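Student: Taken from TrEMBL, the feature compositional bias 'Basic residues' applies to 64-94. Per TrEMBL, compositional bias 'Basic and acidic residues' is recorded for 98-110. TrEMBL lists 4-62 with the feature domain 'Tudor'. According to TrEMBL, the transmembrane segment annotation covers 202-223, 243-264, 285-303, 315-335, 438-466, 472-491, 512-533, 553-572.
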Amino acid sequence: MPTARFQIGDTVMGRWPGSNLYYEVKVLSYDNKTLLYTVIYKDGTELELKESDITSLTVFKQGGRSRSRSRSRSPGRPRRSRSRSPARTPRRSSSRTTDVRKEKLKEVLEVRLTPVPLTHENNSNSRHEKKEENNTASAVTEEKTETESENQAGGRYNLRHRKDQGDGKTVELEQKTETAVLSQTKPPTAIKTTDLEFGGRVGVFFLMFLLPVAVLALLILCGQKDASLQSFPLELPALQSLWDWQVFGIVLLWLLFQAVLSLLPFGKLVEGMPLKNGKTLKYRINGVYALLLTAVAVGVAVYQEVDLSYIHAHFLQFYTSALLIVTLLSVYLFVRSRWASQDELAPGGNSGYVIYDFFMGRELNPRIKNFDIKFFCEMRPGLLGWVLINFAMLQAEMKHQNLENPSPAMLLVNIFQLLWVVDGFWHEEKLLTMMDIVYDGFGFMLTFGDLAFVPFTFTCQAYYLVSHPSELSVFWIITLITMNGVGYYIFRKANSQKFVFRKNPSDPAVSHLKTIPTATGKSLIVSGLWGWLRHPNYLGDIFMGLAWSLPCGFNHLIPYFYLIYLITLLVHRNARDDRQCRKKYGSAWEEYCKAVPYRIFPGIY
Ligand SMILES: NC(=O)C1=CN([C@@H]2O[C@H](COP(=O)(O)OP(=O)(O)OC[C@H]3O[C@@H](n4cnc5c(N)ncnc54)[C@H](OP(=O)(O)O)[C@@H]3O)[C@@H](O)[C@H]2O)C=CC1
Ligand SMILES: CC(C)=CCC[C@@H](C)[C@H]1CC=C2C3=C(CC[C@@]21C)[C@@]1(C)CC[C@H](O)C(C)(C)[C@@H]1CC3
């Protein structure tokens with residue numbers, strides 16, 4: 001009769017199926033027939049493990065000590081990324097900061113899985129470690145269902161989530177875990193960036209010139225009577241016609257006005273995602289107030305008979321002014337990043353190549369005291385500038401076409417896009433969890449995107465309509481409203497569902513959804529919109545983008561620029577996110593991809 005080596009109630013280290021990671025588990029029972037131990041992980045996941053996959057705690061502690069003694073880092077070798085998985089145990093470190101961080105995160109980590117890689121892992125390179133770290137088994141959970149999965153070694157593992165047992169206490173544990181994940185997930189450590197995007201140094205060098213020139217070309221075409229690509233003027237506009245100091249002054253005033261609004265002490269102060277040093281930054285969420293105050297200021301200006309069509313008449317000059325500010329700001333950001341500590345660097349903008357890092361952005365959250373430059377630029381001057389420019393185009397249309405009222409096409413474009421911007425401000429807080437804020441550095445790409453690309457290309461439909469009238473039938477108007485409504489519904493529902501789920505998976509609004517657990521303690525939604533597509537929110541956005549372009553008719557391709565940009569960006573973003581999720585969630589992500597094969601478009605893998 002076989003005897004159990006470990007006793008019920010023992011705390012031991014259990015291997016996570018299919019990986020070399022060990023987590024602290026408690027032995028719940030031992031089955032003499034199958035020779036399997038039932039163990040429970042700290043996040044409530046129960047598994048049946050073979051004895052060979054269980055090791056006593058002391059063995060690990062000894063192994064850990066000898067490891068830390070023997071590990072010597074050569075100066076050239078990048079620091080290992082530890083924060084990729086939120087479930088990692090902070091190890092012994094000589095640094096006092098790490099100890100402080102350990103203390104701060106202790107409470108959170110108590111409800112997390114605590115993986116400890118096998119000793120031989122130290123012989124492998126860091127890329128391999130990352131892969132192993134996230135290689136986890138997973139199962140689709142549903143009320144009262146279980147999925148059995150075979151691990152790579154052929155052993156039997158029985159995955160069960162405690163939620164399935166209808167145990168209220170456990171749901172609370174899961175809720176605590178997920179909440180902790182939302183508020184405590186750390187961005188990856190700023191090790192040297194080796195995976196270069198956008199074609200590396202050469203790619204970004206060309207992009208840096210190509211993007212501003214492409215936008216200029218788009219604006220030139222959009223303002224021409226014949227906006228077809230073949231009619232692009234062979235003679236470029238004279239340089240002096242592209243510059244106006246007064247316009248430059250107006251752009252500076254606009255930025256200053258928005259900066260002042262963003263510093264007003266209205267709205268709540270919220271904490272962003274934790275940084276590598278365990279600290280969190282505070283953000284003032286007052287976008288809705290800024291929107292309202294800007295609307296009042298514009299209303300007063302119009303009442304005072306300020307002619308907003310000036311913006312239309314000087315559109316190219318506004319663009320070049322914005323471009324100069326983008327360039328100066330990017331240089332400032334790059335220079336100041338020299339004084340940023342390792343902790344403050346973005347994982348994607350630290351390659352050591354000046355051009356690449358300048359483009360991608362070295363610093364993650366550049367701030368002047370409490371003023372967060374990235375958060376400000378991402379939401380305020382560009383998005384509000386877009387709405388203001390749209391409104392100016394509406395006035396210009398009435399003036400140029402001698403209309404008493406704006407055309408239905410112009411009204412639709414204005415209203416649809418205003419709705420999207422208002423929605424963005426209403427949900428401003430959610431931006432704090434997005435990759436742009438959490439992972440991306442603030443360099444030329446985002447500065448240009450936020451301050452030049454958004455206000456000058458997203459307005460391209462309204463700009464086009466000023467000199468290209470478009471008749472819309474009632475049927476067409478209803479179709480476009482429906483299309484925008486459906487797109488908005490999918491976009492909003494998917495984004496909100498994910499946000500609420502990440503905050504509290506037991507929230508009644510999302511508790512009915514089926515999920516796939518992952519070793520990080522977070523789960524992935526696998527039903528509803530997120531069970532239909534891997535990025536339902538992108539599809540909603542694309543529907544809206546289509547509804548914004550169609551009012552301009554089919555005479556030219558130019559008004560479809562936004563749609564083409566959006567699809568390209570979202571396809572690229574999907575690939576990027578897919579890579580990150582595969583690293584983060586390992587086989588759980590594979591499982592999700594199998595369960596939900598379509599990415600953005602139904603029927604297209
Ligand atoms: N108009 C424009 O110019 C742009 C618009 N957007 C819009 O912004 C919105 C947000 O986009 P973005 O942040 O890129 O991407 P998503 O909102 O799709 O977020 C992706 C993240 O969501 C989490 N996730 C993925 N699948 C699941 C799942 N099944 N269950 C739970 N969580 C999941 C993962 O993060 P984790 O697990 O770590 O939480 C993943 O990294 C979109 O609606 C997009 O259309 C974006 C860019 C530009
Ligand atoms: C060509 C080029 C340099 C592109 C840069 C891309 C940026 C313009 C966009 C990347 C992601 C964005 C998001 C918003 C604006 C455009 C950029 C910055 C966003 C803040 C707009 C408001 C929305 O509600 C949003 C919060 C969902 C959205 C987030 C992404």
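Numbering starts at 1 and runs along the chain as displayed.
Note: Cβ is positioned from N, Cα and C throughout, glycine not excepted.
Automatic prediction, not curation, is the source of TrEMBL annotations.
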Student: Given a Cβ distance threshold of under 8 angstroms, which distant residues of the chain, six or more beyond its ends, lie next to the transmembrane segment (472-491)?
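Tutor: Hits for the transmembrane segment (472-491): 407-409, 412, 416, 419-420, 423, 529, 536-537, 539-548, 550-551.
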Student: Relative to the transmembrane segment (315-335), which of 202-223, 243-264, 438-466 accounts for the most Cβ pairs at distances under 8 Å?
Tutor: 438-466
Student: Near the transmembrane segment (553-572), which residues from the same chain, at least 6 beyond its ends, have a CB less than 8 A from one of its CBs?
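Tutor: Same-chain contacts beyond the flanks: 218, 221-222, 227-229, 409, 457-458, 460-461, 464-465, 468, 470, 535, 538, 541-542, 545-546, 600.
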Student: Can you work out which residues elsewhere in the same chain, 6+ from the ends of the transmembrane segment (202-223), have a Cβ less than 8 Å from its Cβ atoms?
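Tutor: Distal contacts: 196, 229, 231-233, 237, 315-316, 319-320, 323, 355-356, 359-360, 444-445, 448, 452-453, 456-457, 460, 463-464, 467, 558-559, 561.
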